[in-house]
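*Asks:* One structure follows; several queries about it will come next.
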Amino acid sequence: MARPVRGGLGAPRRSPCLLLLWLLLLRLEPVTAAAGPRAPCAAACTCAGDSLDCGGRGLAALPGDLPSWTRSLNLSYNKLSEIDPAGFEDLPNLQEVYLNNNELTAVPSLGAASSHVVSLFLQHNKIRSVEGSQLKAYLSLEVLDLSLNNITEVRNTCFPHGPPIKELNLAGNRIGTLELGAFDGLSRSLLTLRLSKNRITQLPVRAFKLPRLTQLDLNRNRIRLIEGLTFQGLNSLEVLKLQRNNISKLTDGAFWGLSKMHVLHLEYNSLVEVNSGSLYGLTALHQLHLSNNSIARIHRKGWSFCQKLHELVLSFNNLTRLDEESLAELSSLSVLRLSHNSISHIAEGAFKGLRSLRVLDLDHNEISGTIEDTSGAFSGLDSLSKLTLFGNKIKSVAKRAFSGLEGLEHLNLGGNAIRSVQFDAFVKMKNLKELHISSDSFLCDCQLKWLPPWLIGRMLQAFVTATCAHPESLKGQSIFSVPPESFVCDDFLKPQIITQPETTMAMVGKDIRFTCSAASSSSSPMTFAWKKDNEVLTNADMENFVHVHAQDGEVMEYTTILHLRQVTFGHEGRYQCVITNHFGSTYSHKARLTVNVLPSFTKTPHDITIRTTTMARLECAATGHPNPQIAWQKDGGTDFPAARERRMHVMPDDDVFFITDVKIDDAGVYSCTAQNSAGSISANATLTVLETPSLVVPLEDRVVSVGETVALQCKATGNPPPRITWFKGDRPLSLTERHHLTPDNQLLVVQNVVAEDAGRYTCEMSNTLGTERAHSQLSVLPAAGCRKDGTTVGIFTIAVVSSIVLTSLVWVCIIYQTRKKSEEYSVTNTDETVVPPDVPSYLSSQGTLSDRQETVVRTEGGPQANGHIESNGVCPRDASHFPEPDTHSVACRQPKLCAGSAYHKEPWKAMEKAEGTPGPHKMEHGGRVVCSDCNTEVDCYSRGQAFHPQPVSRDSAQPSAPNGPEPGGSDQEHSPHHQCSRTAAGSCPECQGSLYPSNHDRMLTAVKKKPMASLDGKGDSSWTLARLYHPDSTELQPASSLTSGSPERAEAQYLLVSNGHLPKACDASPESTPLTGQLPGKQRVPLLLAPKS
């Protein structure tokens, strides 16, 4: 082909392709001329391309004619014990050298070819050690295989820095020692390290500092323990093989640092458990192989650090049960292999959380009850597509055995001696594609009639091999060949439960028994078994009985009794009997046994005594089974004052009951009750709260008159109850026949007070916590009496009487002018008061009384009739309107006042001219004198006087007026027996002139300031008597009149007696003492003066 090109040098170029080919040949022609023809293959070898195969020739030395073009040289399976480096001088292209299965005792030198050799295979020689100097010349070495030699140790000088080795195989040697840092020289390049089949017994912590290593093979060594942090430094490791060692324990953090590892092989070891601590840090693990170990139990939280695990292999272990949620944290798991274990119990919810699981292998276990009786064992496996139960002990399939597996596609029940399948056991599996059943023990009765047509309808009969074993007429026939009418139930060969065990509760130490009975028409041997929490009791104490159930003797009844002697807490659980014969097993209901212990106190509350404001602490703790609940009561109830005030603290898990800031109300009996289902016990403790003495009601100063009775009350509280002692001054009180004390000394009564009783009284309250004192100053005034002869009194009381009388007269005039009607009413000297219909009576329920409570007077006498003085000089009262005062109350200390009979007419004349209102001289001739007994709180009137009060409600805007003014005599007329008597302070002969020389003028001025109601009734209807004289009225302000006088006048200006009469002047004196007592509930009312008929 080159010749035409060369021959066409002078010819024109016909195509670009030919030109490129010609240029290429011109470039190669000098090389061909220089190299000459290709060297022939060595005489004792074979050639294939650039590979020279001299293996298996029995060579003891290198061939001498190795061609220079050799890239791969195979010298394996010879008898080479040493290598001459000169034989490799002319091999510039050599990259692979196979020297395995020779008799070399050291790593050979390949002379000039060593620098470009990439792969060196030295396995199956007799090399005893590796020296760093032997490997320094291999500057391009990436693969070094030293497996199956006699290397016994690896020191830190074996592999120097320099050779970029990526794969190092030291498997099959006799290495027993790995020196720390032995592979540090390869840290920049090493990707795969094989140390399998050696004699390594221990791995040093941080033995491997190989950050680029991805695979580490340590299988078939003698490692027994993996310490924590052993593999730290292997940051890129993805596959770790530790199978076939003798590992029995993985300490916490054994695989710490392997955060990128995907596959972990731990098969064929001696592990008995896998806990979360040993798998700590394996966050990226996808496959975990733990088959052929001795794992007997799976811990619930053992997989908390492997949440990305896709495949878990636990085959060939010693698992006997799968507990609830024991695999719940493996939410990403897709394949779970549990074959060849001894699993007999799968708890309900054992696979809960495995929502991604697709393949579940349970072959060759001892599963029976899970499929025959339990429902819900496979709940949570929503994505499961393949379930294999081959080679178990399943004899029947319950209706709900596979509930929760609606998406299942492949179900393998082969290798089980299945005898019956309950109706619709597989109906809910809509996606089922394969159902493997292989059994020749089917009981072909009416309960199996549904199965053949269902399998045919779902086209699953090809995977089912099912043969009848009963009745005899159908024995050996396939269920698909039996006519539907032949599936009949003439008897019940399989046992039927007729007596179920019952749930019970027992005290510790008692004997308990469960009874279970079943009936069957079969004569085949019957076996009995009891299960506790779905696990068979191997050494159960049972009694078994059998007797004829039917009269014809065809049905037998079998009874089994389980005895539990001296039960303990370990006997608690759910018990179930299983009665089995050749045709199947029957499972009873599960009866629960609860073992209880009556509560007993470990801490009991004790009586405590504390002060107020401190903290009370009560302890109470009890034991029992179930754990007793602790409850507290106070005085037999649940009303805790401290709880309402949030001062009570009870911790649920604590034994202490606290009350902070203790108060006296917290005292009482506290009961601690411990209760569980076995019973209850209680213990009591008394909380005594100590309180320092204190007064309930403050002790006040008192003022009494000579001859009266005074009571001083010292009502004290405290705990213990305080002892009360009375002192006068600084000395203990000397008791006389006038002094009386209650039994507890809280009330001191002094009768017939004398001047010497005045002074400072001290009440001393003391108990064990301290002493408190309270003081009261008792003042005694001279005795004061009331005489009927009408003595002149102080001008202040006269001013009050005159103000009220004049105010009443003005109001009568206003009523008269505005209403323009006459209404007569008669007044007699009787106990009755006649009131016009428009004026509400203070004795009736109409209207309201003016709330005047300036002063009151008290009496020790009982109630009397309305407004009349008795023969003894006492004025009666209306008892229905005013309550009877305390007979021991202190008498009023107001001097008795005498009101004269004369009125000053001049101010009223001026008022008549201005407003057209009649003055008092037109309404009454001759004033009447009224006496108020200041000591007896009664009103005293002169005999024969016609003086009647008329209360007016504040709310009454238009009270009616009398029909007309009564004719009267001169305004200077006086009754002869009502003249004022002379007193020690002075006399009041005939009481000349007005007693109110200036008050009338002031009242008149006040009236003029506020326009009165118009006579035609069109004026302001709110102008009432209450507004006229009430001190708080905003329309009429008497500040310039009544209050501008002396203080005695200001206090006495509204003085009224409780029955509505003006007080009579008694024992006038130059200075008047204002009244200081006040009786609650007393009301002062305005008065109307009626003329004498």
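Glycine is no exception: its Cβ is also placed from the backbone N, Cα and C atoms.
These came from Swiss-Prot, pasted as-is:
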type	residues	note
DOMAIN	440-491	domain 'LRRCT'
DOMAIN	495-594	domain 'Ig-like C2-type 1'
CARBOHYD	Asn74	N-linked glycosylation site
CARBOHYD	Asn150	N-linked glycosylation site
CARBOHYD	Asn246	N-linked glycosylation site
CARBOHYD	Asn292	N-linked glycosylation site
CARBOHYD	Asn318	N-linked glycosylation site
CARBOHYD	Asn684	N-linked glycosylation site
REPEAT	69-90	repeat 'LRR 1'
REPEAT	116-137	repeat 'LRR 3'
REPEAT	140-161	repeat 'LRR 4'
REPEAT	164-185	repeat 'LRR 5'
REPEAT	189-210	repeat 'LRR 6'
REPEAT	212-233	repeat 'LRR 7'
REPEAT	236-257	repeat 'LRR 8'
REPEAT	260-281	repeat 'LRR 9'
REPEAT	284-305	repeat 'LRR 10'
REPEAT	308-329	repeat 'LRR 11'
REPEAT	383-404	repeat 'LRR 14'
REPEAT	407-428	repeat 'LRR 15'
SIGNAL	1-34	signal peptide
TOPO_DOM	35-794	topological domain 'Extracellular'
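I would like each feature placed in context: is it buried or exposed, what are its neighbours, and how far apart are things?
*Replies:* Model confidence over the domain 'Ig-like C2-type 1' (495-594) is summarised by a mean pLDDT of 88.
Annotation note: Asn74 (N-linked glycosylation site) sits in a strand segment as assigned by DSSP.
Summarising the environment of Asn150 (N-linked glycosylation site), the number of other Cβ atoms within 10 Å of its Cβ, over all protein chains shown, is 14.
A coil conformation is recorded for Asn246 (N-linked glycosylation site) in the three-state DSSP classification, outside any helix or strand. Non-local contacts of Asn246 (N-linked glycosylation site) by the CB criterion (under 8 A, 6+ apart in sequence, same chain) comprise Arg222, Ile223, Arg224, Asn269, Ser270.
A 10 Å cutoff on Cβ-Cβ distances gives Asn292 (N-linked glycosylation site) a total of 20 other Cβ atoms nearby, all chains included. In the three-state DSSP scheme, Asn292 (N-linked glycosylation site) falls into the coil class.
A 10 Å cutoff on Cβ-Cβ distances gives Asn318 (N-linked glycosylation site) a total of 13 other Cβ atoms nearby, all chains included.
When secondary structure is read from DSSP and collapsed to three states, Asn684 (N-linked glycosylation site) falls in the strand class. All chains included, 14 other C-beta atoms sit within 10 angstroms of the C-beta of Asn684 (N-linked glycosylation site).
Long-range contacts of the repeat 'LRR 1' (69-90) within the same chain: residues 38-39, 50-63, 96-105, 108-114, 121, each at least 6 residues beyond the stretch ends and with a Cβ under 8 Å from a Cβ of the stretch.
Long-range contacts of the repeat 'LRR 3' (116-137) within the same chain: residues 76, 92, 94-110, 143-154, 157-160, 162-163, 169, 172, 185, each at least 6 residues beyond the stretch ends and with a Cβ under 8 Å from a Cβ of the stretch.
Across the repeat 'LRR 4' (140-161), DSSP classifies residues as 0 helix, 5 strand, 17 coil.
For the repeat 'LRR 6' (189-210), the list of distant contacts is 142, 147, 163-176, 178, 180-183, 216-234, 241: same-chain residues at least six beyond its ends, Cβ to Cβ under 8 Å.
Sequence-distant neighbours of the repeat 'LRR 7' (212-233) (same chain, 6+ residues past either end, Cβ-Cβ under 8 Å): 171, 187-206, 239-258, 265, 278.
Cβ atoms under 8 Å from those of the repeat 'LRR 9' (260-281) belong to residues 219, 226, 235-254, 287-299, 301-306, 313 of the same chain, restricted to positions at least 6 beyond its ends.
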*Asks:* Measuring Cα to Cα, how many Å separate Asn684 (N-linked glycosylation site) from Asn318 (N-linked glycosylation site)?
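*Replies:* Distance (Cα to Cα, whole Å): 55 Å.
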*Asks:* Sequence order is fine: just name those glycosylation sites in Asn74, Asn150, Asn318 with a Cα within 10 angstroms of Asn292 (N-linked glycosylation site).
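*Replies:* Cα filter at 10 Å returns Asn318.
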*Asks:* What does DSSP call Asn318 (N-linked glycosylation site) in the simple three-state scheme?
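*Replies:* SS state of Asn318 (N-linked glycosylation site) = coil.
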*Asks:* Please give the sequence-distant neighbours of the repeat 'LRR 4' (140-161): residues at least 6 beyond its ends with Cβ less than 8 Å from one of its Cβ atoms.
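*Replies:* Here the qualifying positions are 100, 107, 115-133, 167-186, 188-189, 194.
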*Asks:* Can you tell me how the residues of the repeat 'LRR 6' (189-210) break down into helix, strand and coil by DSSP?
*Replies:* 0 helix, 3 strand, 19 coil
*Asks:* Taking just the CA atoms, what is the gap between Asn150 (N-linked glycosylation site) and Asn74 (N-linked glycosylation site) in Å?
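*Replies:* Cα of Asn150 (N-linked glycosylation site) to Cα of Asn74 (N-linked glycosylation site) measures 22 Å after rounding.
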*Asks:* Report, as numbers and ranges, which residues of the same chain sit near the repeat 'LRR 10' (284-305): CB under 8 Å and 6 or more residues beyond its ends.
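*Replies:* For the repeat 'LRR 10' (284-305), the nonlocal Cβ contacts are 243, 259-276, 311-323, 325-330, 337.
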*Asks:* For the repeat 'LRR 3' (116-137), how many residues does DSSP put in helix, in strand and in coil?
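*Replies:* DSSP classes over the repeat 'LRR 3' (116-137) add up to 5 helix, 3 strand, 14 coil.
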